[in-house]
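Presented below is the structure to which this report refers.
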Amino acid sequence: MTDEPEESPVTAEFVADDADIDASLRPKSLDDFIGQPRVREQLQLVLTGAKMRGGTPDHILLSGPPGLGKTSMAMIIAGELGTALRLTSGPALERAGDLAAMLSNLVEGDVLFIDEIHRIARPAEEMLYLAMEDFRVDVVVGKGPGATSIPLEVAPFTLVGATTRSGALTGPLRDRFGFTAHMDFYDPPELERILTRSAGILGVRITTDAAVEIAGRSRGTPRIANRLLRRVRDYADVRADGIVTLEVAQAALAVYDVDELGLDRLDRAVLGALVRSFGGGPVGVSTLAVAVGEEPATVEEVCEPFLVRAGMVARTPRGRVATAAAWKQLGLVPPSDLTVGGIPVRSNEPARTLFDD
Ligand SMILES: Nc1ncnc2c1ncn2[C@@H]1O[C@H](COP(=O)(O)OP(=O)(O)OP(=O)(O)O)[C@@H](O)[C@H]1O
Ligand SMILES: [Mg+2]
């Protein structure tokens, strides 16, 4: 993916270019964290409660689409507890031994962060059950009839798991988390505050109306907001006098092909395929992914949550269906007998706006 000629600036997925900036823009404490008021309040209680009792908090699962602040929140949790954060990811824990090594190095109170925890391999997952519940693991040494299992103590720790697909987690794993935080898309005023904060950190001068404009095109996602800010800053530096005004923001976003709703090429391709090739659906995600030449996981985890949220795509038991808003977004007239999940949709119905629920 790295040598792709042009990376859309509104992909919510992490791209290499984000690395340094991400680190400097990450909120450092719960108070610094903008948005997600419910999650913040809940976490505050979980963390303060544990601190008052002098123990480790329950294991915490952070779920939600890419770029909404799960990794940032994991770092904040360790920061608020005043403990160290050990970082790994589901795909890195291929064998149980990988996890055993990680667990045996933990110090009491540590936060073990497992990103993309839904991708953890089965043997490691089973080892994790015991570690989460009883703070011990059984390490199997040797093979065949001579194999023995050696019990190993693990220091009490808090597991923080992050996932973009909590539905893909097995029941037993999900049940072992004492608290699940669902991160939701941010509304435009929150994104505007995030942009203003980021501009301050990066030393970018930006007008309020420009921040509002960028916020509205950030697909409810802070990572995208921050990335668009950088692209707009480039434009302001190269083609204007360095100040990000509304005109500069609009011109820059036009260059990067980000429309008023923040839809990028892939989103438009998905909508286009759904409407033009499949007559509006229903169609399965994998078929849709093949039609746009993408991985099904990308379509399902990156494009779809936002298109659903924007009221353009509906998930039905028979597959994905385009709503009237999707037809209109593509400049087409929805069919008069359009139904979504068996429910007729009148084509003169006003298109839902992005954040009206
Ligand atoms: N609430 C917030 N306030 C300010 N900035 C934020 C907030 N949430 C996220 N960000 C910014 O967005 C960037 C991406 O956040 P983060 O890496 O935590 O997302 P993520 O949910 O872990 O994404 P992924 O699923 O791809 O791992 C961060 O670098 C940070 O700058
Ligand atoms: Mg992350």
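The backbone N, Cα and C atoms fix where each Cβ goes, and this holds for glycine too.
Note that TrEMBL annotation is computational and uncurated.
Residues or ranges marked as ATP binding site by TrEMBL: LEU25, ARG26, GLY67, LYS70, THR71, SER72, GLU133, ASP134, PHE135, ARG176, TYR186, ARG223. Long-range Cβ neighbours of THR71 (ATP binding site) (same chain, at least 6 residues apart, Cβ-Cβ under 8 Å): ARG26, PHE113, ASP115, ALA162.
Marked as domain 'AAA+ ATPase' by TrEMBL: 56-189. Mean pLDDT of the predicted structure over the domain 'AAA+ ATPase' (56-189): 93.
Among the features that TrEMBL reports, Mg(2+) binding site is placed at THR71. In the three-state DSSP scheme, THR71 (ATP binding site) is classed as helix.
Under the heading region 'Small ATPAse domain (RuvB-S)', TrEMBL lists 187-257.
Across the region 'Head domain (RuvB-H)' (260-357), DSSP assigns 41 helix, 13 strand, 44 coil. According to TrEMBL, the region 'Head domain (RuvB-H)' annotation covers 260-357.
Under the heading DNA binding site, TrEMBL lists ARG315, ARG320. Using a 10 Å radius centred on the Cβ of ARG315 (DNA binding site) and all shown protein chains, the other Cβ atoms total 15.
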Listed in sequence order, the binding-site residues from GLU133, PHE135, TYR186, ARG315 whose CB sits under 6 Å from ligand 1 are none
Counting by DSSP, what is the helix, strand and coil composition of the domain 'AAA+ ATPase' (56-189)?
53 helix, 36 strand, 45 coil
The number of other Cβ atoms within 10 Å of the Cβ of ARG320 (DNA binding site), counted over all protein chains shown, is 24
Binding-site residues whose CB lies under 6 angstroms from ligand 2, from LEU25, GLY67, THR71, GLU133, ARG315, ARG320:
THR71
Looking only at LEU25, ARG26, GLY67, LYS70, THR71, SER72, GLU133, ASP134, PHE135, ARG176, TYR186, ARG223, which the record lists for ATP, tell me the maximum pairwise CA distance in angstrom.
37
Distance [Cα-Cα, Å, rounded] between ARG320 (DNA binding site) and GLU133 (ATP binding site)
39
